[in-house]
Structure formats: C-alpha cells, structure tokens
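Participant: To start, I am sharing the structure in question, which I have written as structure tokens.
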Amino acid sequence: MSSARFDSSDRSAWYMGPVSRQEAQTRLQGQRHGMFLVRDSSTCPGDYVLSVSENSRVSHYIINSLPNRRFKIGDQEFDHLPALLEFYKIHYLDTTTLIEPAPRYPNPPMGSVSAPNLSTAEENLEYVRTLYDFPGNDAEDLPFKKGELLVIIEKPEEQWWSARNKDGRVGMIPVPYVEKLVRSSPHGKHGNRNSNSYGIPEPAHAYAQPQTTTPLPTVASTPGAAINPLPSTQNGPVFAKAIQKRVPCAYDKTALALEVGDIVKVTRMNINGQWEGEVNGRKGLFPFTHVKIFDPQNPDDNE
C-alpha cells in the first residue's frame, strides 16, 4: 500500500467546491492510483462527493451530511471531513486508499500567471445556469442549451451579458434566460454552505460504494437455533421489514423511501449493500441496514 502524501486538515488542498462530475472525471482520469478530490454534490445540495482514481477508472462516492453535523460514507460515520479522509488513508475504498489530492489547476497556461493569482481569479468568477434553449439570433450571440453553465465576462447592457461556455466560445446571452449561481466558500462552516452547485445533477445510482465491514443480515431465527444464510431471490420472493425510517433526497428518483414497519419485497441484493425492492407499488434502492429479513410463512419467528 502506498503511503498517503497529504494533510487532511488542509481543506484547500483537497476540497474543490462546486466541480461537476465531468470535470472531476477529466481531472482524475489516467492519474495515479489513489489521487482524489472532494467536491459538492450536484444531486443533493449540502452533500459532498469523494472522486477517486482507482483501478483504471474514476469512482465517485457520495458523502451525506447528517442532521447531527456528522458525515456518512457507506456505513461509516465521521465527525468531520478530515477524519473521513484520515480513515481512508489506511482503509481501502474499493481497490485503493487515498494517497494524494488532485492538483487544483491541472493544466495551467504556459508562461501565464501563477497558481496563487489563478486562485484569486477563480474566486471572482461569476457563473450562471441556463434556464432555456437559446439558438442565437445574431453572429455575436452565444447559443446554448438548457442546463449549461456559463462564465460571465462582462455586463454591457441590463438585458444582455457577455459570457463564455465550457468550450471557450464567447458571445452575448439574454439575461432572462439564465439564473445566477452563488459560489460557496471552500472554507465555510458545514451549516452555511450554499445550496447551489455548478454541476448538473448526476444520477444517484452512478455513485460507488466503499467496502463495508458490516456483516450481511441474516434471517431471524428462534433462540438457540442455527442462523440461516441470506436467502436468494432466485428461490422466490424475499421479504423484509423496515426497521429504520428513510427519507431520500428529493432529487434522487432511484431511492426507495421507507417507514418503520413497511414490508419490502426484495427483488435484488447487490453486493455493495444497496438492495432493490418494492413497497406498495413503489420501486427503488435502499440500504440493507434499514431492513430485517423475515419469513412470511412463520410470522411468530420474526418478532
């Protein structure tokens, strides 16, 4: 195992703010095993994503901000993000530990300003997200599709601003067609982070899951009896009872909400701990730790 080469208390070294999934992918693809960055989640405002180069790919791990001001990744909880990073310095996510943060400026222009000046410039950038398609009416216009992110360069008129897109093209845009995005400070406190993100929402099912040391649940059995192995969905329906309430992020359309006592028909048991199931016609993913397998043929054994 390579030794970690970063200070987890230096937030500016590993926290990249509202970086999109695609930009994180670009920064980390082909980089050394264990290179990583932490960014704001564009799916659930207030949460974070740990993006890591591992096993010739880039993995993205969701970090949930809990109401008690703690942070959760997989089945592990931490008091703060530096503690989380310290843990994964010596524990594998999937095939790697965290070794070093990705460079904040992977491709600085040759002979241009230094990184400290770039940092100041980046902090002063103003971003907007496009609300509608705009084909452009004149040669000086900047066409865009709904959902793009643009950098504002100049505001020569009240209703028309000059902007640059991700490809570097510059042109005029109609102000009523966009909304401003307020950049959150990378040094701000957890409770004061801005809910906006510069990234386009990414599907929740695209997140990876770190290795877990939590044992898989087993079918409940009578005292003194042998514990039965986890049943297979190939042998017929498997049922579980929700033992913990689950209220998913409103933006996560793949997650299954649970109330304590709900009977879940388990349709698939993924090895990463995210199971698939159905409750009253609603289908989705849920953590196996939120349910307890039971045998509907022997209800007295399930108490």
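Our numbering is plain: 1 for the first residue shown, then up by one each step along the chain.
Even glycines carry a Cβ here, placed using N, Cα and C.
Okay, these came from Swiss-Prot:
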DOMAIN    14-102  domain 'SH2'
DOMAIN    123-183  domain 'SH3 1'
MOD_RES   TYR127  phosphotyrosine
REGION    184-204  region 'Disordered'
MOD_RES   TYR207  phosphotyrosine
DOMAIN    235-296  domain 'SH3 2'
Participant: Which value does the mean pLDDT take for the domain 'SH3 1' (123-183) in this predicted structure?
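Facilitator: A mean pLDDT of 83 is what the model gives the domain 'SH3 1' (123-183).
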Participant: Using DSSP reduced to three states, classify TYR127 (phosphotyrosine) as helix, strand or coil.
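Facilitator: The residue in question, TYR127 (phosphotyrosine), is strand (DSSP, three-state).
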Participant: What counts of helix, strand and coil residues does DSSP assign across the domain 'SH3 2' (235-296)?
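Facilitator: Helix (H, G, I), strand (E, B), coil: 4 helix, 31 strand, 27 coil.
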Participant: Treating G and I as helix alongside H, and B as strand alongside E, what does DSSP give for the domain 'SH2' (14-102) in helix, strand and coil?
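Facilitator: The composition, in the requested order, is 19 helix, 31 strand, 39 coil.
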